[in-house]
Amino acid sequence: MSHPSPAGKPSNSKNPRVFFDVDIGGERVGRIVLELFADIVPKTAENFRALCTGEKGTGPTTGKPLHFKGCPFHRIIKKFMIQGGDFSNQNGTGGESIYGEKFEDENFHYKHDREGLLSMANAGPNTNGSQFFITTVPTPHLDGKHVVFGQVIKGLGVARMLENVEVNGEKPAKLCVIAECGELKEGDEWGIFPKDGSGDSHPDFPEDADIDLKDVDKILLISEDLKNIGNTFFKSQNWEMAIKKYAKVLRYLDSSKAVIEKADVSRLQPIALSCVLNIGACKLKMSNWQGAIDSCLEALEMDPSNTKALYRKAQGWQGLKEYDQALADLKKAQEIAPGDKAIQAELLKVKQMIKAQKDKEKAVYAKMFA
């Protein structure tokens with residue numbers, strides 16, 4: 001008989017907790033903390049716990065360490081699940097359990113009735129090994145076929161980041177890896193707060209913060225704090241860290257926007273726009289021209305007449321040597337703010353670049369037909 005998933009997190013304080021520190025494309029994005037339902041499926045939970053600690057040594061079937069460390073999420077299907085656990089072949093064809101190559105389905109007590117559930121991947125009945133998946137939506141068609149044995153209690157935002165990684169088919173285009181993993185004992189910190197020395201005291205993902213996302217004043221307070229930290233990194237020319245903090249602001253704002261009244265959304269818009277523009281500025285400093293253009297386009301969706309976005313977008317086009325595109329954006333900006341001297345100076349510079357480019361082309365043609 002199946003039962004609904006536990007409403008509380010954690011469902012049982014005596015159940016083991018484990019963690020994954022996740023890297024996407026070589027960059028640490030955060031920690032997922034999982035409760036294992038040892039009270040309901042002890043054998044399945046123990047298998048996963050030991051694979052997180054690596055305490056069982058080498059697997060007799062694979063000849064590889066029975067450990068998730070360094071193991072990729074090899075399969076991602078948006079609005080379905082993220083899958084990993086193949087520590088031997090790293091492509092979905094390998095892995096093994098701590099009990100041998102495979103072990104039986106323990107029970108189907110819990111349903112796949114929401115996101116954030118941890119369940120065993122298999123190749124049919126009684127073929128559990130080391131591979132697992134985390135649901136990102138309810139998946140009722142898997143009930144009675146896959147053993148649900150845990151749940152995400154912190155770091156659901158990290159799971160969502162994995163879910164939204166670009167894929168080729170079902171394979172992530174960027175390497176998504178369990179960089180570190182282990183068990184959290186009673187009294188251990190869960191590791192969801194940043195430790196970057198910036199003074200940032202907020203969890204990286206709003207889902208993990210003990211706040212009411214409908215409290216707009218609180219969200220604005222947190223957002224201003226994070227933005228100021230981002231500005232400090234910007235001033236010290238630490239562009240990557242600045243982007244991380246501005247992006248974190250946007251996560252908090254987006255989570256709040258999803259649950260508040262439309263009238264309150266407008267209160268969040270100015271700081272959101274500012275952070276998107278600042279991300280664009282950082283990308284310009286990093287010579288990430290297309291990234292800067294994309295950020296400016298995002299800003300222009302919020303405010304189509306924003307001259308700062310048009311100006312920075314033009315700088316991105318210049319980096320790509322698309323001077324005609326840059327000229328078009330600067331002309332739009334000048335129409336909106338005809339007295340802006342910075343726009344005028346940039347416009348003159350781009351016109352000179354276009355002239356120099358044309359003169360160079362003429363010289364090439366002249367040599368060809370001389």
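Every residue gets a Cβ built from N, Cα and C, even glycine.
Within its own chain, S5 (phosphoserine) has Y110, K111, D113, R114, L117, V148, Q151 as residues 6 or more apart in sequence whose C-beta sits under 8 angstroms from its own. Swiss-Prot lists S5 (among others) with the feature phosphoserine.
Residues or ranges marked as domain 'PPIase cyclophilin-type' in Swiss-Prot (evidence: sequence analysis): 19-183.
Listed in sequence order, H74, R75, I76 are the same-chain residues six or more apart from K171 (N6-acetyllysine) with CB atoms under 8 A from its CB. Look at Swiss-Prot and you will find K171 tagged as N6-acetyllysine, backed by similarity to another entry.
Outside the region 'Chaperone activity' (185-215), and at least 6 residues removed from its termini, the chain residues within Cβ reach (under 8 Å) are 17, 19, 21, 30-31, 33, 154-158, 222, 225-226, 229, 232-233, 241, 245, 248, 251-252, 255-256, 258-260. Feature annotation from Swiss-Prot assigns region 'Chaperone activity' to 185-215.
Residues annotated as phosphoserine in Swiss-Prot, with similarity to another entry given as evidence: S198 (among others). For S198 (phosphoserine), the number of other Cβ atoms no farther than 10 Å from its own Cβ, over all displayed protein chains, is 16.
Marked as repeat 'TPR 3' by Swiss-Prot: 308-340. Per-residue confidence over the repeat 'TPR 3' (308-340) averages 97 (mean pLDDT, predicted model).
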Per the Cβ under 8 Å criterion, with at least 6 residues separating them from its ends, the repeat 'TPR 3' (308-340) contacts 277, 280-281, 283-284, 287, 289-290, 292-293, 295-297, 299-300, 346-347, 350-351, 353-354, 357
